[in-house]
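Listed features, source TrEMBL:
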TRANSMEM  6-27  transmembrane segment
TRANSMEM  34-51  transmembrane segment
TRANSMEM  63-84  transmembrane segment
TRANSMEM  96-120  transmembrane segment
TRANSMEM  126-148  transmembrane segment
TRANSMEM  169-186  transmembrane segment
TRANSMEM  198-218  transmembrane segment
TRANSMEM  230-252  transmembrane segment
TRANSMEM  258-278  transmembrane segment
TRANSMEM  290-314  transmembrane segment
Amino acid sequence: MTDSAATIIFVFGLVGLGYLTARFAILKKGTGDGLADFAVTIAAPVLLFRTMARADFCGSAPWLLWAVYFGAIALTWTAGHGAIRGLFGRDRRAGVVAGVSSAFSNLVLLGIPLTLSLLGQTGFETLSLIIAVHLPIMMSASIILFEWADRDGAGVDFAKVVRDFLRRLFSNPLILGIVAGLAWRLTGLDLPAPLPRMVDALAGVAGPVALFAMGMSLNDYGLAGNLRAAAVLAGLKLFLMPSVALGLALAAGLPGPVAEVAVMAAALPAGVNSYLIATRFGTGQALAASAMTIGTAVALVSATFWHAVVLGIFG
């Protein structure tokens with residue numbers, strides 16, 4: 001077994017362990033939610049703070065990286081929207097959920113530990129550049145498109161969208177961790193003792209806790225129906241989006257290490273955000289939950305495939 005295959009099995013093994021723990025009720029009900037809350041609210045923001053405060057982003061080509069990654073999102077989102085409407089006859093609102101489910105990568109709970117394990121700290125620094133803008137852009141796009149769908153394509157209340165966007169932006173722990181890290185970086189100061197040890201300790205558990213919590217959450221959401229449609233969306237997420245990202249990365253001439261991160265991030269399955277968006281707008285919850293579960297189950301194989309592809313192309 002290759003080192004990369006062993007690493008991917010390790011990462012998804014923690015997800016599976018979390019799932020089995022919840023499935024057999026080994027821990028108290030609600031533990032998974034608490035662990036996920038800790039990972040997203042405390043550990044991951046601290047990890048992002050440390051990365052932004054210490055990292056050297058020279059040569060990471062953020063504008064080109066963003067163009068490649070979000071170009072892949074736009075094309076895959078459009079494909080998901082078109083598939084759910086054209087093949088399954090669903091309405092515009094379901095089309096928005098389908099677009100989110102086929103293009104909204106699980107960059108935090110799965111992407112952070114997988115990237116750290118496969119591509120190291122340098123790869124994670126590049127991923128952080130995507131995370132810094134990913135959630136605000138995806139939430140804004142979702143809000144705008146749901147507004148458009150609710151108005152039957154007649155228009156969007158952009159003032160409402162901007163207010164909602166700003167509220168979410170400045171209340172999100174991940175964004176706050178990124179901004180705080182960049183602000184500390186500008187001071188040029190080292191963290192006073194014992195803060196570095198505390199930061200390192202919290203950052204160090206972000207990955208394992210996130211993976212375990214993600215596995216527990218899969219038991220809660222499970223396969224909730226619309227399996228054929230969900231399988232199509234999971235296929236678009238795991239295979240179309242990274243294919244588009246790879247093509248755009250090659251066309252744009254992204255440096256190999258940066259392109260690897262873009263493709264692997266695009267190859268991640270959808271996460272719980274797609275379900276939360278569906279729940280908020282009251283449509284497509286079963287579709288989003290099933291797409292997330294199917295995608296995560298298949299991602300063990302697809303992630304191994306895409307990592308082999310990027311290694312073969314970029315070395």
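Placement of Cβ uses the backbone N, Cα and C atoms for every residue, glycine included.
A TrEMBL annotation is a machine prediction, not a hand-curated record.
Between the transmembrane segment (198-218) and the listed ranges 6-27, 96-120, 230-252, 290-314, the one holding the most Cβ pairs under 8 Å is 6-27. Residues 40-42, 44-54, 108, 128, 131-132, 135-136 of the same chain lie 6 or more positions beyond the ends of the transmembrane segment (169-186) yet place their CB under 8 Å from a CB of it. In summary, the transmembrane segment (126-148) lies against the transmembrane segment (63-84): three or more C-beta pairs, each 6 or more positions apart in sequence, are under 8 Å. By the Cβ criterion (under 8 Å, sequence separation of 6 or more), the transmembrane segment (63-84) is not in contact with the transmembrane segment (34-51), since fewer than 3 such pairs are found. Taking every listed stretch (34-51, 96-120, 230-252, 290-314) in turn, the largest tally of C-beta pairs under 8 A with the transmembrane segment (6-27) is reached by 96-120. Contact check: the transmembrane segment (290-314) against the transmembrane segment (34-51) gives fewer than three Cβ pairs closer than 8 Å, residues 6 or more apart, which falls short of the contact criterion.
Packing against the transmembrane segment (96-120) from elsewhere in the chain are residues 4, 7-8, 10-11, 14-15, 36, 39-40, 44, 47, 72-74, 76-81, 83-85, 90, 126-127, 130-131, 134, 138, 142, 145-146, 149, 174, 206-208, 210-211, 213-214, 229-230, 233-234, 236-237, 240-241, 257, 260-261, 264-266, 268-274, 277-278, 281, 283-284, 287-288, 291-292, 296, 299, 303, 307: each is 6 or more residues past its ends and has a CB under 8 Å from a CB in it.
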